[in-house]
Each structure stands twice: as structure tokens, then as C-alpha cells.
Amino acid sequence: MSAILQGAGAATALSPFNSIDSNKLVAPSRSSLSVRSKRYIVAGSDSKSFGSSLVARRSEPLIPNAVTTKADTAASSTSSKPGHELLLFEALQEGLEEEMDRDPHVCVMGEDVGHYGGSYKVTKGLADKFGDLRVLDTPICENAFTGMGIGAAMTGLRPVIEGMNMGFLLLAFNQISNNCGMLHYTSGGQFTIPVVIRGPGGVGRQLGAEHSQRLESYFQSIPGIQMVACSTPYNAKGLMKAAIRSENPVILFEHVLLYNLKESIPDEEYICNLEEAEMVRPGEHITILTYSRMRYHVMQAAKTLVNKGYDPEVIDIRSLKPFDLYTIGNSVKKTHRVLIVEECMRTGGIGASLTAAINENFHDYLDAPVMCLSSQDVPTPYAGTLEEWTVVQPAQIVTAVEQLCQ
């Protein structure tokens, strides 16, 4: 991977089928694991030499004990100051605005990103502040304006390209694959492509098949591209800022049902590491790896699991490419069991790639096969009850953990 990469109003609330009230939902605080001494980003690395020390000896077959830790327990916030509350889409906007203030080379382009403010208001107010050249409304032609953004990056700008819906970016797949991802390599290093491609996706509230795409499975095979998925206002802003500053092309995945999440974020400047997972809930019995909206389904299931005597460790992987196998590996060495929960399709999804990486690097530390819960391999139905059936629900997560921990 390192040989290919160039350098190192609001939306709807959570699904009505999810019992979490998004208007009251406050994203948990964040913390990473210990300082990295070694990072695994290439499949096939020697898991025996992992890190500076082993985390735990192999466990005996798990017998659930009473667990008193709250299911939503997380490490303390990275900020010592009260900060200010923002919805997730507002956090994205704030991060983008700060980077445009900081660097005059940062620009925005896409459909209705100008005075309309974007389909989910992530670019609201930017055209008034920075003008119509730095916040450019484009024709409805994804292939054209994506190519324009890549060309602008080749000449020294740092474009942020918005897809009104991630599904529409299929029309720009040639530009994203053959140009965005590969030009640094095919030009012999003459060009860097510091482009951010972002937009809403995921299964929404009866948006139909074409507007419910999860394109991470499509883009993960493109060499030279990094992919991250935000899940809280804090990491949405931090990942946005980090992606803009990166010399690599970065795709930032945003979920349509998370735009209204509210969280207090620091007043001081911060960025998130593009290749770092987030420890959401420490635990001992099983590692649950997830990202984006499924983070909240997992945390809902964790409350039930705690009441049943299980102590799950929940990690939001955030970096979809490359995987943070340091954080993941430390957790696997401690719990010896892995459940992956994703909204991506099962066939060829992120979960399949993550399963392969874990088996190749940490097979000797597993006491049970890696299990992956994914969306059904069907077009997303419009009918609400059928739409619910296609994606992983908290009850399925509870059942899977019980099976793995027998």
C-alpha cells in the first residue's frame, strides 16, 4: 500500500426500526489505543512479531461472568475543554470551512454545493464567504466534475468533490479509478492528487435501491486511494481536516442517517489520524469491529450483552483502507474472538477483506472462526419492513456473540 500511495436543513434521524432516539443520541467520547510501535497495513505480515509486547495469553473457553461495565463505556474524551455542540453535518461544514480559511488552495465543487449549501447542507454558507470560484456549482455530470477536480489537484489545488449521493459516483468510476487512484504511480511520481471525494450514502429511510448504495466495496480495490468512514461529529470534523491535508486521494464516506447526531467537540483545533481505528468500548470477551451507522447497532446490542454477562470490546475501524491492524491485532490477542458488523454487502464487502486480513495476520490467536454480519446481497427494497430486513439488526449481533462465545 505504501508503495502505491503518494504520502503517508439537516438529514433524517436514525432509522425508525432502530430504537435509538437520534435526537437524544450523543456520540461516545473517543480514545485510541497505546502509541503505535509497529503498524500492519499489508496482508501477510508476520503476526508473531506484532507490536512491542504481547497483550494477553490465550484464554480458556469463555464462561460468561457478571459484567458491571456499562455498555456505552468509552475512554475519556481527548479534549479537556467543554467545547461546543454540533450536529454531524455541521461538524463536517466547520472542518471544511477551517481548512478553506487555512489554505487558499482548498476548493469545493459539486452539484448544488454553492448558495444552496449542498444536498445535506455540509457546504452551507461557504459560497457566501469564499466566493463562487472556490465553491463551484457544477452541471449534473459526475464524470466531468470529478475529472475537473483531479486535474485541478494536478496543478496544485486541493479540491473537495461532493457527490450529491454516493451512488451517483458510479458515473465517475473511470475518473476515480484510472486517474484519481493511479496517476501518481503512472506518472512516475510527477503528480500528486490531493483530492477528497465525499458524500452521503448507506441505507436510509426508504430511499430505494439506487440511493442506498454502499460504494466502499466498489472503491476498496482501487490502488492508491485511502477510504475513511465517519460516525460521530468529532471524527467527522477530524477526518475531514486530515483528508484535506493528505497528499493522497481520500474518499470520505458519510451516512445519511447520522447527519443529525449531536456531540460536544473541542474548541481548539484537532485532526484525526486517517489510518487509526477508535476504541469505542473496552472489553474482554470478544472483539466487535464495525464502522459508520452500524456502530450504534453494535452499541445497542452491547447493552443487552452486558446484561447477559458478556463483555464485548467494540472498535470503530474508521479507516476502511488501509485497516489499522495494530489496534485490531491488539484486541484480537486479548479476546481471541472476532465479530465484524457492517452495512456493506456480504459478497466482496469490507467485512470480507477485513476477515482475510485478520486470518492472515492473527490466525494463531483466534479461538473461533471470524464471523461477519453484513447486509443481504439484494437490492435495497423501498418498503420499510423489507428495508429493515436487509441490514444487520441488534438482535442478530447478540445472537452471533452468544454463538462465538460458547
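Cβ atoms here come from the backbone N, Cα and C positions, even for glycine.
Residues or ranges marked as thiamine diphosphate binding site in Swiss-Prot (evidence: similarity to another entry): E142. Every protein chain shown contributes to the tally, and the Cβ of E142 (thiamine diphosphate binding site) ends up with 23 other Cβ atoms within 10 Å.
The number of other CB atoms found within 10 A of the CB of V195 (K(+) binding site), across every protein chain shown, is 29. Taken from Swiss-Prot, the feature K(+) binding site applies to V195, A243, I244, N248, supported by similarity to another entry.
Per Swiss-Prot, transit peptide is recorded for 1-70.
Annotated K(+) site V195, A243, I244, N248; additional same-chain residues within 8 Å of its Cβ mean position, judged by their own Cβ, are R158, V160, P194, V196, Q226, R245, S246, E247, P249, V250.
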